[in-house]
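Per TrEMBL, the feature signal peptide maps to 1-18. Residues or ranges marked as transmembrane segment by TrEMBL: 34-54, 88-113, 125-149, 161-182, 228-251, 257-277, 326-344, 374-392, 398-422.
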Amino acid sequence: MWVLLFCLVMASCQYSLLKSVQPDPASPIHGHNQIITYSRPIYFCVLCGLILLLDTGAKARHPPSYIVYGLKLFSPVFLQSARDYLIVFLYCFPAISLLGLFPQINTFCIYLLEQIDMLFFGGSAVSGITSAVYSVARSFLAAALLHAVCFSAVKEPWSTQHIPALFSAFCGLLVALSYHLSRQSSDPSVLMSFIQCRLLPKFLHQNLEESAADPLPKKMKDSVTDVLKWDLIVCAVVAVLSFAVSASTVFLSLRPFLSIVLFALAGAVGFVTHYLLPQLRKHHPWMWISHPILKNKEYHQREVRDVAHLMWFERLYVWLQCFEKYILYPALILNALTIDAFLISNHRRLGTHWDIFLMIIAGMKLLRTSFCNPVYQFINLSFTVIFFHFDYKDISESFLLDFFMVSILFSKASELAIFFILMF
């Protein structure tokens, strides 16, 4: 019976190649759609490939097994259960396709690459398949470069009185790359046009002709040039400062006191910057005060004729946000990176390469998020400290990995909450 059902599923996917039903329930456009013809077969091949891989892993004699947060990953029982769930999901494939629950295959690829870049590397949203591939490839290249530098630094055991210079260079490179990537757009078209105009005279001549008709492309290229020049200066300064701070051994000498101070300071600054000051400036703070507590100078004026006056709490907000983004969170993450690297050099949990890879991914994601979107970082940080230092201290892996996982869970939970509100 199960074999017959599998043959029916396979036949339906094969038939969609021979004669695709138009319009398909998953098609986003009306009329004939060439891409939707290949969606079902590709999904079927991907699911069957995953089932075969999981089956091979479940039947291995000596499979590697890792325990993360109390869960035994990649054990035969785990792989076999995942394989069985995928088989049941594959049997439901005709009904899922009939309801149009599978997106078009290029839409699925864009969403998958976008989520990988956002959740694991701290990237931003993408605008198409080219943008998605460019963003993920850029993040992977940065991670590969950092992995090569960090592996050479932690392959030998450390002492608390000496930090290898190569690891300090890794810290400076990580902060500089994270700052640069956080300021770059996910759309490569403007950057590619800028590179073509610089390298090929033919494109420069064509660009000058287009600029006479439309000045917007030239302004966009000029803004990209200014950003790259500014990043070159700032990244060099940030790399040198991060190298100096990491080489001073302050993070290992003052642990765990320094970690506690940084946790408390980050929580207090985040609470004041992103919750208290915005609430005090609202028209009805906390929905029970009739007037804003922090008022602008022009609040009582019916019509403002002069330039708005910059208030002290607006200056405080900007300075606190700059301190949080460019000093506090980089110091907090560099502290966690140094402690993790010291532990990895003396004790391997998942293997040297996996430990280094997870440390780099977590550090890059948290730094990029802190540079470009620090609004909810203090909530993630507070929950991480309270949950893993007081409630479930036994299952904690490391602060850096705990912070990384909590940021992913909170971002997906906020998306689900917004989706529920919109649906409601």
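Every residue gets a Cβ built from N, Cα and C, even glycine.
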For the transmembrane segment (161-182), what are the same-chain contacts with Cβ under 8 Å, counting residues 6+ beyond its ends? 122-123, 138-139, 142, 145-146, 149-150, 152-154, 231, 234-236, 238-247, 249, 252, 330, 334, 337-338, 341, 360, 363-364, 367-368, 371-372
Go through the chain and flag residues at least 6 beyond the ends of the transmembrane segment (228-251) whose CB is under 8 A from any CB in it; none is fine as an answer. 160-163, 165, 167-169, 171-177, 179-180, 183, 258, 330-331, 334-335, 338-339
Cβ contacts the transmembrane segment (326-344)/the transmembrane segment (398-422), at least three under 8 Å, sequence gap 6 or more: yes
Stretch-level contact, the transmembrane segment (257-277) and the transmembrane segment (34-54), CB cutoff 8 A, at least 3 pairs: no
